[in-house]
Ligand SMILES: [Zn+2]
């Protein structure tokens with residue numbers, strides 16, 4: 001997987017990009033794909049091409065020129081606080097001061113240091129991974145797995161669930177469709193995690209699906225995981241049942257992925273691999289496994305086989 005080799009990772013010359021001046025968590029690398037911006041009539045009809053996802057930066061050419069000719073001027077501009085309008089909170093502090101500094105650090109130490117790379121990315125993306133992760137603020141895939149811009153097509157939702165094909169359109173399967181059919185990713189990675197509020201909501205609901213809330217309606221996608229967990233963990237505490245369901249739900253999502261004909265076809269042909277994983281942020285460990293399609297049998301009562309299981313700690 002050439003794109004993730006160390007040699008191809010960016011050189012972060014200023015460690016402060018990773019370690020902000022405060023001890024607050026790193027919020028500098030947004031990873032949530034705003035699928036609403038992508039799903040358009042052309043995408044639905046299959047006419048979309050990679051240029052529709054271009055990260056447009058009208059001033060970049062000028063910026064590049066400035067960088068080569070007038071570095072001191074550029075530096076002044078990057079630090080010119082007076083040009084920025086502060087967004088003050090009621091308490092008088094600026095919520096965006098830290099975020100702004102992180103962005104400028106990224107621009108100065110990452111973007112400007114890798115202009116050729118970002119120039120290519122501006123024209124097209126070719127990520128190896130499609131990632132489905134929870135919306136939980138503690139499980140940002142780019143932070144915990146080091147995905148750099150262009151390496152992972154990411155969709156995040158409550159409890160990192162993949163609804164089955166029959167459930168109809170959603171932002172998650174729209175992102176899957178684009179990643180698999182247009183970007184032709186080689187891997188789909190579903191990341192579950194510890195203390196997942198969405199899974200807790202799933203395990204807390206009544207047997208008849210709660211429809212009075214958006215959360216209840218959404219997490220009901222994982223009802224099979226809940227049923228399997230309840231059957232396997234009757235003697236365990238509720239907290240441990242939830243932990244069990246966090247992994248069971250990932251496996252249900254892997255099975256649901258295969259309900260999409262264009263995914264199963266590629267998995268069957270060896271063009272696409274689908275992986276489950278589990279990030280435990282209470283211990284900072286990461287477990288991953290790969291669906292073994294050939295050894296699995298998805299008929300009723302069949303078996304779910306995995307391979308290449310690994311535990312990183
Ligand atoms: Zn979660």
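Placement of Cβ uses the backbone N, Cα and C atoms for every residue, glycine included.
Whatever TrEMBL says is automated annotation, not expert-curated.
These come from TrEMBL:
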BINDING   134, 136, 193, 196  Zn(2+) binding site
Taking the recorded Zn(2+) site as 134, 136, 193, 196, identify the other residues of that chain whose CB atom sits within 8 Å of the mean position of the site's CB atoms, giving them in sequence order.
-> 133, 135, 138, 139, 159, 160, 191, 192, 194, 195, 197, 198, 199, 246, 279
According to DSSP, does residue 193 (Zn(2+) binding site) fall in a helix, a strand, or coil?
-> strand
Relative to the Cβ of residue 136 (Zn(2+) binding site), which residues of the same chain, six or more apart in sequence, are found under 8 Å away?
-> 193, 196, 197, 198
Within 10 angstroms of the C-beta of residue 196 (Zn(2+) binding site), the count of other C-beta atoms across all shown chains comes to 25
Tell me the Cβ contacts of residue 134 (Zn(2+) binding site) under 8 Å, same chain only and six or more apart in sequence, or just say none.
-> 156, 157, 158, 159, 160, 191, 192, 193, 196, 198
